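Structure first, then comments.
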Amino acid sequence: MKAFKEKIPGILLAVFVGITGRLVGNFVPNIGGVTIAIILGFLAGNIFRLDSNYAKGIKFVEKKILSLAIMLMGLKLQMDVLAELGISSIVIIIIMVTLTVFVGSLIGRLCGLSNSFSILLGIGNGICGSSAIAAAAPIVSNNEEEIGLSVSVVNLLGTFGIFILPVITGLLKLNETTSGLMIGSTLQATGQVVAAGFSISDLTGEVATIVKMARILMLGPVVLLLSFLFGKKDNSLDNNVSIPPFIIGFFIFSIIGTLQILPVGVVQSLKYTGKLLLTVAMAGIGLRIRISSLINQGPKALLVGLLIFVVQLVSITGLIYFFLLK
């Protein structure tokens, strides 16, 4: 009990910053509450000198609350969305996700970023932005600066993409369906996909959203693969790589969401709770980011993210013409 009491100041601070970020995010949906929470946490952590009384609670939020948020994210997955896509579209999505994560890792390393930082940028761009980074972070990186910068860079690029993607699809003379495929395959956050897709037409928005949902389905397998590649070995289990409990919980909740075995009201409440917990966890990460790391690695991370985004655009254009417009 005493140990938990020591965590209360840090937990309350992260909750306050997270809720504030969520509220502010309602007024700037293209940026989102998660990014706002990181920014507010970063500002609070650098403007005010937080003493050691906050450290344990912030670390608890960053680790435990984040794990719970990731598990609840599984409810967002609807595996039956694959039935609405053709084989060619599914192949394109798999290629795009795989290519983006791989190329992201390669470009990041070539630009001098750590392997973990590079993977976070790749998986954030390749799958579902902040949520993908949050899910992969406990496995590949313990560095709060890397996690926070990855989320910020990916969301910044996605916000830029909302305005540039409709222009690009017009210049390429893509039809409504292929425009939706391009938008759904490249933009990072679901809200960004919806905003860009429906700005063209209802059909484009619907296709883009379905494609985006299919990308999100890749999160579970990718994170599971990362747990085997980067997970710590447990000597008590004959050196088998242990699967983090939050991944098991993630898959359980994804099955629950697909089978729709819980009342709609309960599912909606759990989804909202998951979003709120994720925002609080990101606030905790923001509170631990120091301005020195932002100055040292921020520009380089932005460059890597931009290069990944360019590779995505070139790749999806080639795949659309090869599979669908040849």
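From the backbone N, Cα and C atoms, a Cβ is placed for every residue, glycine too.
Summarising the annotation, TrEMBL assigns transmembrane segment to 7-25 (among others).
Per TrEMBL, transmembrane segment is recorded for 31-48 (among others). Sequence-distant neighbours of the transmembrane segment (31-48) (same chain, 6+ residues past either end, Cβ-Cβ under 8 Å): 13-14, 17-18, 20-25, 130, 148, 151-152, 155-156, 159, 189, 191, 275, 278-280, 282-291, 294.
The transmembrane segment annotation in TrEMBL covers 85-107 (among others). Sequence-remote contacts of a segment are chain residues at least 6 beyond its ends whose Cβ falls under 8 Å from one of its Cβ atoms, and for the transmembrane segment (85-107) they are 115, 118-119, 121-123, 125-127, 181, 185-186, 210-211, 214-215, 218, 222, 304, 307-308, 311-312, 315-316, 319-320, 323-324.
If you look up TrEMBL, you'll see 119-141 (among others) marked as transmembrane segment.
The transmembrane segment feature in TrEMBL is assigned to 147-168 (among others).
Here TrEMBL flags 180-201 (among others) as transmembrane segment.
The feature transmembrane segment is assigned by TrEMBL to 213-231 (among others).
Annotation comment: TrEMBL describes 243-266 (among others) as transmembrane segment.
Long-range Cβ contacts of the transmembrane segment (272-289) within its own chain (Cβ-Cβ under 8 Å, at least 6 residues beyond either end) map to 10, 13-15, 17-19, 21-22, 25, 33-35, 37-42, 44-46, 50, 54, 58-59, 61-62, 65-66, 68-73, 75-76, 130-131, 134, 144-145, 147-149, 151. TrEMBL lists 272-289 (among others) with the feature transmembrane segment.
Positions annotated as transmembrane segment by TrEMBL: 301-324 (among others). Counting only same-chain residues 6+ beyond the ends of the transmembrane segment (301-324), those with a CB under 8 A from a CB of the stretch are 88, 91-92, 95-96, 99-100, 103-104, 107-108, 111, 113, 117-118, 121-122, 125-126, 149-150, 153-154, 156-157, 161, 168, 172, 174, 178, 181-182, 185-186.
Panel annotation: around the transmembrane segment (147-168), residues 30-32, 34-35, 38-39, 41-42, 117, 120-121, 124-125, 129-130, 133-134, 137, 141, 179, 182-183, 186-189, 192, 195-196, 199-200, 282, 285-286, 288-289, 293-294, 297-298, 301-302, 304-306, 309, 313 of the same chain, lying at least six beyond its termini, place a Cβ under 8 Å from a Cβ of the stretch. Among residues of the same chain six or more beyond the transmembrane segment (7-25), those with a C-beta under 8 A of the stretch's C-beta atoms are 31-41, 44, 50, 53-61, 65, 275-276, 279-284, 286-287.
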